[in-house]
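See below for the structure under consideration.
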Amino acid sequence: MKVFNTSQIRQCDQYTVENDEISSIELMEKAALACFEWIKSQFSANYTYYVFCGKGNNGGDGLAIARLLLEENYKVETFVIQSSSNFSTDAQINFDKYPDSVSFLENDDFEIQQENKKIVIIDALFGTGLNKPLEGNTQKIIQKLNHIKGKKISIDIPSGLFSDSLPSEDQTIFKADVTLSFQFYKRAFLHVESAQYAGKIFILDIGLNSKFIQDEETNNYIISSKSVSDNFKPRDPFSHKGNYGKVALIGGSYGKIGSISLSTRAALKIGAGIVFTIAPNCGYSILQTLAPEAMFISGGDEKLITEIKISTEKTTIGIGPGLGKEKLTKVALEELLKSIQTPAVLDADALNIISENKSMLNLIPKNSIITPHPVEFARLFGDSKDSLEQCELAREMAKKYNIIIVLKGHRTAVLTPEGKCYYNITGNAGMAKGGSGDILTGMITGLLAQGYSPQIAAQLGVYIHGKAGDYAAKKYSQEAMTAQDIIHRLPEVFLNIKK
Ligand SMILES: NC(=O)C1=CN([C@@H]2O[C@H](COP(=O)(O)OP(=O)(O)OC[C@H]3O[C@@H](n4cnc5c(N)ncnc54)[C@H](OP(=O)(O)O)[C@@H]3O)[C@@H](O)[C@H]2O)[C@@H](O)CC1
Ligand SMILES: Nc1ncnc2c1ncn2[C@@H]1O[C@H](COP(=O)(O)OP(=O)(O)O)[C@@H](O)[C@H]1O
Ligand SMILES: [K+]
C-alpha cells in the first residue's frame, strides 16, 4: 500500500474529480458519509457530538458529518472558527446546507457540558491544508479541547499536525483517540513523535482513482496483508526438509543463552527445514532441551563464542542475539563475515561489534539484513534529531552498503538498497520487552533460508512477528504476554494468511 505526501494526495483528489464521474462536493460527501458510518458503528445516540470546523475542506467534511448526525437525530453542536479566510467552495456549500445554527468561535470561550460524560468531540478544524503551526485563538481552542474529557475523533489528521514532517516539541496539536483518515496513511502516522497525536488510525476508502494510485510513484509503503499473502509461498505437498533451507543461528554467551534459544525456536516455528544453533558450551543442555528439533554446534568455549565452524555455502546465517562483544568473539565474527558470500541476518551484538569497528560494515555481504533498534542504529551510523531523520539516514545507509535495514520500533521500517521504505503496522506495546527482537532475528533468518528474497523475508518477517504479537496480546494481554508468546501465536498467523 502506497504512502503519498500531501501534494500527491491533492493530485489524486484532483485526478479523481477530473477523470471519474464524481464532483469535489460529491467526494466530500462520500468522505463525510464514510466517517459518519464509522461513528455510527461505534457510538450510540446517547452521546452529544461537538463538531469543531475550520473554513477549509476539512471543515467542510466536519459540517457534512454534523449534518448527517443531525439527520439521524443525534445531539449535535457545531462550531466554526471565525477567521479572516473565506470558506472553501465546498465548505461553503456544506455550511449553507447545514440545517441548524452554528456557533462562530472568535476565541476559546465556548462551553461543553462535562458533567455529561458521554461526549464525542470531532476535530475538523484543519486537515492536510495546514500551512503553518497554529497560534493565537486556534492554538487556545485546541489547548482547551485537549483538556476536555471525552472521546476525541480527528477527521483526516489531527489539527495542527503536518502530514509529511514531525512536530516540534512546543507545537499545539489536537490529541485524538481515533483518527479517521481518507484512503492513505500519512507519513506522520508512522513516526512515534507525531503518531501519538492520532491515536488509533482507521483508513477509510473513499474510492479515489485507482489508476492514479497505481501509476503514481513513491518511495514509501505500508506492508499490507495483501502483499503478505501475495508473496507467501504455501508448502509443496511433495517437498522434503531440504526444500526449506538450512539455518545457523549464532549467538548466546554465559547468562544470555535464552536469547539465541528464542531465535532458534522462532526459526523452527516459521518453517525452516533444518536448524543449527552455534552457541557456547554452557548452552548445550539448555538448547537441546528448549529446542530439541535444532542441532547444537559448539562455539569453541564454555562461556563465549570463539569459533564458528559451519560451511556457509548452503547455510543461512543469523548472528548476534546474546553474542557478547569479547575480543575472541569479535575475531570469530570478522572471520565469518569474510567467508560468507550469501545474504545473512545481523542483529544485536553483531551490530554492536561492527559499530566499534566501522570498517567491518564493508564486510557485510550484499543484500544482507541488519535489524537494529534505534540505539543500535545510532551506534552504527550516528545520531539523528528524530525518528524521521533516522529513517532517512537508514535509507541512505541501505543504499550505500547495499543492505536491507530493519529499523525496529513502534512502526518498524524496512529500508532497501533501492531506497524504498516499507513500514510495518502490525505489533503492539506488549512486544516492548526483552526477547522480542531475538525472535524477529530467528524469523527473518528462517524465511530467508526458505528461499524468500532478502527484501521479502524482511517484510514478511516484521509483519508476521507483529501479527503474532497482536494475537498474543489478544490472548494474554499486552502486560502479561512475554516474547515467547509471540512464537506460540504463529499458528494463528499462518492459518489466517489468505492464499
Ligand atoms: N484527500 C482527499 O481526497 C479528500 C480530502 N478532503 C478533505 O480536505 C482536507 C484538505 O482541505 P484543504 O486543502 O481545504 O485544507 P484544510 O486542511 O481544510 O485547511 C485549510 C484552511 O485552514 C486554514 N489554515 C491553514 N493553516 C492554518 C493555521 N496554521 N492557522 C490558521 N488557519 C490555518 C486555511 O486558511 P488560509 O491560511 O488559507 O487563510 C484554510 O482556511 C483534507 O484534510 C480532508 O479533510 C475531503 O473533503 C474529500 C477528499
Ligand atoms: N510499542 C511497540 N509497538 C509495536 N512493536 C513494538 C513496540 N515495541 C517494541 N516492538 C517490537 O519488538 C521488537 C523489540 O526488539 P528489540 O528492541 O531488539 O528488543 P530485544 O532484542 O531486547 O527483545 C521489535 O521488533 C519492535 O518492533
Ligand atoms: K482535523
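Here the Cβ of each residue, glycine as well, is placed from N, Cα and C on the backbone.
What you see is a predicted model, and the numbers here were worked out from it, not measured in a lab.
TrEMBL lists 57-61, 127-133, Asp156, Gly322, His373, Asp438 with the feature (6S)-NADPHX binding site. Under the heading K(+) binding site, TrEMBL lists Asn58, Asp123, Ser159. Residues annotated as AMP binding site in TrEMBL: Lys408, Gly409, His410, Arg411, Thr412, Gly437. If you look up TrEMBL, you'll see 9-214 marked as domain 'YjeF N-terminal'. What TrEMBL records for 224-497 is domain 'YjeF C-terminal'.
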Which of the listed binding-site residues (Thr128, Ser159) has the least company, meaning the fewest other Cβ atoms within 10 Å of its Cβ?
Thr128
Should we count any of the binding-site residues Asn58, His410, Arg411 as near ligand 3, judged by a CB under 6 A from one of its atoms, and which?
Asn58
Close binding-site residues near Gly59 ((6S)-NADPHX binding site), where close means Cα within 10 Å, chosen from Asp123, Gly409, Thr412:
Asp123
If you count CB neighbours within 10 Å, which one among the binding-site residues Asp123, Asp156 has the smallest count?
Asp156
Please find which two of Lys408, Gly409, His410, Arg411, Thr412, Gly437 have the most distant C-alpha atoms, given that the record lists them as binding AMP, and give only that distance in angstrom, rounded to a whole number.
14
Select, from Asp61, Lys408, His410, Thr412, each of the binding-site residues with a Cβ positioned under 6 A from at least one atom of ligand 2; if none does, say none.
Lys408, His410, Thr412
Using DSSP with the three-state reduction, classify Leu130 ((6S)-NADPHX binding site) as helix, strand or coil.
coil
Spatially speaking, which of the binding-site residues Ser159, Lys408, His410 is closest to Asn57 ((6S)-NADPHX binding site)? Use C-alpha to C-alpha, please.
Ser159
Local Cβ density at His410 (AMP binding site) - other Cβ atoms counted within 10 Å
17
Quick tally, other C-beta within 10 angstroms, Gly59, Gly409, Gly437; top of the binding-site residues is Gly59
Counting across all protein chains shown, how many other Cβ atoms sit within 10 Å of the Cβ of Asn57 ((6S)-NADPHX binding site)?
25
